[in-house]
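A.B. asks: Here it is, the structure, as structure tokens.
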């Protein structure tokens, strides 16, 4: 892949492939808002001081109250009947990590099946199921924490189906010199979604009640599903609206890559491939810190900076607008360096991976020492997700370089490693901060920085960008 393929100029931002990137941006926006909704809502769900008269009333039903007291206003409903739950930090950590359990269960099989049956149906079905389960989350909370964990796990399985299918689509839609741009536009939806849900989630909770966080973003997901099934196609050859010029441009740019159908996956070759393990290690390190930031940022700001739920949500949203911007700008810069032949492909991948792992680690290590400074703390919290998302032009898309035929399957495995890290980091964070808040947060950030450094060293040592030999030929390697 160090050799730059020749491509003809074709319209870019007005082209169908960029329209696909923006629709996928909206899909990622929807899924991350549904995932992070609980992170902002849980501040009100467990805050016993917000509603003094209520304890952990697992038998109280907000929805039943609405139906039985329809003449009451939404505001009366919010202040009088929204349940408050006695969930300890350890319990919250398990709830937060449960969605990752579900994603792990479906990442590998969904990635493989998406490559065979088509990613459109796989991703669309996952998005629809996740949206419906989001709508029912407030009701399940009243039946106890076990049901919440089950629902979040199933929702994770649905999102796992959706996340992995994306790379099957890009393997057929993204010309090599536009991969960083297209995937960064699509991927930035996650950061923008985190910004929106954290920005408005607290406002929705105060104005309407925390259940409406789930109702609103679950409904948005259902609308996104309609758009997805209407506009998206698995490849440019079958899209009825694509221009002949763009179709020829995409097909010719991907002509050098094998597109023969596969009936088996060369598992043994993959297991022995150190460049793949470098990608997996990078995902593990990257997701460790990112999961902590996405999951616990509202709690950290609320507990350390002592702000209310509304201000906590607004402040928590700021890092993710920086992350969305860095994701898009990083993709543009990476493809610029490649198209001008300024750097080799492997150099670009390692450069952006280094920036995306080293810079947020430095910020995380500095956080405990500036906790007394409100402004400095906010600046560092903004920089962590922003700089971390530079990895999107590094090892995050490296599977498209080393094995484009198996990109979706390998992305499933890669995200599996990342989600294992998310499960461990979420649970460990809940345990550490439950022991002692000050020393607990310090240990959380120090540990995250150490994990990032391990991933960076491993990727710099073994990372590659050439198509691997087992991904070139029409091998019939048995599972």
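Yeah, the Cβs are placed from backbone N, Cα and C, and that goes for glycine too.
Found this in TrEMBL, in case it helps:
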- 37-467: domain 'Major facilitator superfamily (MFS) profile' (DOMAIN)
- 99-119: transmembrane segment (TRANSMEM)
- 125-151: transmembrane segment (TRANSMEM)
- 182-204: transmembrane segment (TRANSMEM)
- 210-233: transmembrane segment (TRANSMEM)
- 273-297: transmembrane segment (TRANSMEM)
- 317-339: transmembrane segment (TRANSMEM)
- 351-371: transmembrane segment (TRANSMEM)
- 377-397: transmembrane segment (TRANSMEM)
- 409-432: transmembrane segment (TRANSMEM)
- 444-462: transmembrane segment (TRANSMEM)
A.B. asks: Which range wins on Cβ pairs under 8 Å with the transmembrane segment (351-371): 125-151, 182-204, 210-233, 409-432, 444-462?
C.D. replies: 444-462
A.B. asks: Which range wins on Cβ pairs under 8 Å with the transmembrane segment (444-462): 182-204, 210-233, 317-339, 409-432?
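C.D. replies: Between the candidates 182-204, 210-233, 317-339, 409-432, the best contact partner of the transmembrane segment (444-462) is 409-432.
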A.B. asks: Among the recorded stretches 125-151, 182-204, 409-432, which has the greatest number of Cβ pairs closer than 8 Å to the transmembrane segment (210-233)?
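C.D. replies: It is 125-151 that shares the most Cβ pairs under 8 Å with the transmembrane segment (210-233).
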A.B. asks: Find the member of 125-151, 182-204, 317-339, 409-432 that has more C-beta pairs under 8 Å to the transmembrane segment (273-297) than any other listed stretch.
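C.D. replies: Maximum Cβ contact count belongs to 409-432.
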A.B. asks: I'm checking region-level scores; what's the whole-number mean pLDDT for the domain 'Major facilitator superfamily (MFS) profile' (37-467)?
C.D. replies: 81
